[in-house]
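Pulled from TrEMBL:
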- A:79: active site, charge relay system (ACT_SITE)
- A:154: active site, charge relay system (ACT_SITE)
- A:178: active site, acyl-ester intermediate (ACT_SITE)
- A:24-463: domain 'Amidase' (DOMAIN)
């Protein structure tokens, strides 16, 4: 096994026993990138010099003291909408093409403190809007399992980099499925944490009431290690919360586990092979002693419509900051007056999908339409959240597919926004309800990975990890 | 019918005629899709803005490290498309 193929747990063990150094590990990762990324195109920018220098620093520290954490000296790739001080951060948009982050996001400060080695920034759909990376202003990332197919999105670069062993793990962000769907398409593990569990400070805001940063890893155990390192209340993000201690310490036992299967998620539109693999995974847990129960989430069918009002509304407010004045692409020199700076910079700086969503959100928030669209959607959101609350009185976790099909081909959905939006049909309700969910591989269809989604109640990450570990160990 | 020109102006986007037609078509399709929500009676339902239940989180009246860091201030200004000294440069706002 080559070093770049190691999991976090394996690499940490090797580093601790001094069987390998962080510099060697980091070098091997960059060798793989040079070889493989010409085809996969997972990275927007690399920081080989910075990475090797932090690796060296960690190796020297380790020579003197033994007490280094489980992430020390291990390479990580960061989605390009998360700020890393001194590195370019474009969100795959022309409007931020030359933007250099002036400070670290809280998750980055935490990773750096843990000794992580940041190797570069990964490709994504522009401003995290999309399900395929085809909306990147620069290039599309390819699925390492089949280069004719998309890696999913919007964290497609992060998922592809992990799957192609071009990094040991990565961070992504998830507003409506952007960690889980690419994780499922690329056969890796991805977690969308409870809303507020991970600080959003330094994450470029897309839809603030839905956005969460989360890990993309090779194994469930690695996912837990990274989540443990990045979660927690942060005074720089007033929506962040601490996971409750009593929940954190609950002992997990598979024979006490009650699994809910929502009828609405195994209905028309779901690929039959995906359906079969997801049900087989649930069966495995049943054989291990868990109880499986069919449940109802009756408002599921409204989740996508609800999401496509709330998300664009928040997008239109958040992306107002890209005005050609503070940073990024600007037509200041061409423009005659202030309005022309705005109109020109935003017209030519944003790609098609951000413009579509900003327009839509501006409309749904505009005078005379606010009540009919935005307020209506917020009320439906209450009903969707209550669906989950009720369900979690009867079951501990809910299991569903991540996406209705495995990875699709380039060009298949890009010309029809609504068709593209449907790839998020099983993931958006989770963000609306603010609950955590993990995507993990549960088999393949014609060589393409399929993901299982494990959903927990708010703050239910320990339950999700317990369940996922049990399944992973028995696969 | 959605007035795309007006919305583009509110959103501060320039717009070509071709784009106007395209947006009209695409936005109408999405709005038709989300109209599905009207099937639900939401008369006595409270709206949800976000889900953690936290209300009015106040901070102490103090600057954080980021505001105090001189280098960060400089780096923020480095990203400005137009500047003069320590200031962002904008076109005249008041006539």
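Note: Cβ is positioned from N, Cα and C throughout, glycine not excepted.
What you see is a predicted model, and the numbers here were worked out from it, not measured in a lab.
Around the Cβ of residue A:79 (active site, charge relay system), a 10 Å sphere holds 31 further Cβ atoms from the protein chains shown. Within the same chain, residues at least 6 positions away in sequence whose Cβ sits under 8 Å from that of the residue listed as 'active site, acyl-ester intermediate' are A:124, A:125, A:128, A:131, A:153, A:154, A:155, A:172.
Counting every protein chain shown, 35 other Cβ atoms lie within 10 Å of the Cβ of residue A:154 (active site, charge relay system). Confidence in the domain 'Amidase' (A:24-463), given as mean pLDDT, stands at 95.
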